[in-house]
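These features come from TrEMBL:
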type	residues	note
DOMAIN	1-104	domain 'HPt'
DOMAIN	290-495	domain 'Histidine kinase'
DOMAIN	497-635	domain 'CheW-like'
DOMAIN	656-787	domain 'CheW-like'
MOD_RES	HIS47	phosphohistidine
Amino acid sequence: MDDMDDIVSEFLVESYENLDQLDQDLVALEVTPGSRELLGSIFRTIHTIKGTSGFLAFGRLERVAHAGENLLVELREGRRLMDLPTTDVLLRMVDTVREILASIETLRVEGDVAVDGVIEEIREVLESRGTPVEAATTGELDDIEALEVLDVLEAISVIDAIDVIDAIDVLNDIDARFDGRPDAEHAPVAPVAAAYVAAAAPAPAPSAPVVRANAAFVPSPRAGARIAAAGAEEPASDAPGPRTASDASIRVDVDLLDALMRQVGELVLSRNQISRLADGAVDGELLRASQRLSLIASELQEGVMKTRMQPIDHVWAKMPRIVRDLAATCGRQVRLDMVGGDTELDRTLLEAVKDPLTHLVRNAIDHGIESPQDRVAAGKPALGVLTLRAYHAGGQVFVEVADDGAGVDADRVAAKAVERGLRTEAQIAAMTAADLLQLLFLPGFSTAEVVTNVSGRGVGMDVVRTKIEAIGGTVEVESTIGRGTVWRLRIPLTLAIMPALTVESAGQLYAIPQVSLLELVALDGQKAGTAIEYVNSAPVYRLRGALLPLVGLRDVLEFGQDTEAAATAVIAVLQSDTQRFGLIVDRVLNTEEIVVKPLSARLKSIGAYTGATLLGDGRVSLILDVQAIARRCLAAEAPDADRAAKAASTASARPVEQVLVAGIGGGRRVAIPLAAVTRLERLRRDLVEHVGGREVVQYRGAIVPLVRLDRLLGGMSDLAGDDLLVVVYTRGTRSVAIVVEEIVDIVDDDAARHSQIDDLGLVGSTVLQDRVTELLDVTQAVLAADPTFFTDAGADSAEPVRSELDTLVGV
């Protein structure tokens, strides 16, 4: 009984895979009705299901498949052309087969699935007058028939418990396809099929019939002898032959893969703990063993992750059928393009995005793509284009659903939001066009005038965002009136194990997924008090000239403020959907791979965490939900910050550039245009050499001259220590190292505050961070070290460079 259950399970798995492909093939055959390759593939699939179901005594399934096969025979033999009614009834037949398979999978019997209706529909189509097509050549038919025989024999050979000769008896109606064809001894497939017969029955009698059928197709003794002779031509050999496709792959239960992934996760945790212990140990053997363990664990983790990865084409396989049916229901003409189907995702994530993708496709056809009449009136082709695109970028998978339809009218969205009471007119007035499109994700929001069985109830997009964010992803929308809409899903590669940054706030540990982390900004004691500004009581930080909204993790978790912690706080710049914001934490600890553990319902209800993890030192850390924090804390602050940024940019027409502030000794500071800073380096003092009275150093395979600003500008500095701190300026293939005493900061310089100075090496002065700071003439400093620098670097003269650098500091 167990053997039979295994056979049924194998039959179900293969049949489900074949039906998914069958949906695609039938839709494709409707577009190219004369394709012999598609017809052959469809026919083989249905015939295999029919034959195996007969052997397994699934009578309903056999009847449905047999009826569909009769219709396919007419298509194959040219008595009928693939048209809309034929496609519809064949697709309904596939749906009925899928229902029966689902019943067999659940109950181990066919159940009471109704089959008479679809069989009657097939009979009516058969009796109707079909569109004949020109008969194919005999050679083409022979090729298809040969493949059918080979496919049937191959399908039978995988069932170990079935004797090949007896099993073929169950499929005795196979000869119906060969009525009037050449007899078996002239069939070119015999030598190939012999390998399959020999594999299933190693010692058959040469005179035994290979296929038992009626008088129209009975193998002669000569044909049997010829098959046996073909098998005898290959001498026995102990050397293994080339592996077939079935030998190169096996089916593994998904639960087994999940259990293996959990064990690998525990191994990663143990690896992290041992690595942390080894880092503080003095035993060299322990350190080497730890490194070896880390390498093996990483390779094992990568291997197991690959076993869970599946191409997104597995989800897209159902889309051609969905698009076809929806286009017919909604009165649209749609062409589906799929790009990047081989992009791989974790199996769990693949299942999670299936429903959101389906809804986006339905939404695009029902709301996005116009009717053929409207498209023609708008100067577009009647045929609309729906594109599914997937690609990897930045350690994530992007999936786009794009249409060339009417687009989303942001003003109409705003009016609907006010009408439904979801937003006030004042709130709408403060929103940008991108903000208005985000209203589409609100629960209960819909722009549809009429509710249909496809859409219009206002629950779909909210569910899409909820499901995508539940797996750590985001949803973005871009739309242009008259040109179409793009829905973009940003999805992590996997949820099981991910790199994260661990931080501390109020004495508690938290993990921030690195996929959401852009950069870190440290606030020392001097900067913390002045760097954070306020717009309508909302904290912001000027990051490279742009206002960055700030959120305190202590405020989010309601821990209260700590003055000492604020003096050494760090801003983690995070990305949530299309918005950047800074999360203020007390301390940054480490980056490591973490294993995501589920949370209890009580912790989930807080809305700030996506999971928990065990760190290498044994402590538990909660994983922050970046999207939830952004929605909770920035909903009201973002418009204020945007208005402040616009006001600041409008009010100030003065050029503002960034400069590097450096100390050169004696309490003096100079500002170097950031555009003139290639790198900051710390060089050993004993590497300084002399060439013709000038100081040089070997740097990256080149001889680089040194210029000491304290000497150039008439200052005094002992520059104590073993190292020299230098600012490297590179132009073309040449470099100069400018020696300074310390690096103070990178700040914005307002050119309107400059004062003029006529002094060697300086172009002016200004006030930066409440200190008088001299503006360095970089060109003079470079020429002091190497008078031929700009000429050799490829410039005609130093004047263009001087002008360029002077402009940077506002002179």
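Every residue gets a Cβ built from N, Cα and C, even glycine.
Helix first, then strand, then coil: DSSP counts for the domain 'CheW-like' (497-635) stand at 32 helix, 73 strand, 34 coil. Counting residues per DSSP class in helix, strand and coil order gives 89 helix, 0 strand, 15 coil for the domain 'HPt' (1-104). As a summary of secondary structure, the domain 'CheW-like' (656-787) carries 21 helix, 78 strand, 33 coil according to DSSP. Summarising model confidence by region, the domain 'HPt' (1-104) averages a pLDDT of 83. Within 10 Å of the C-beta of the residue listed as 'phosphohistidine' we count 24 further C-beta atoms, all protein chains included.
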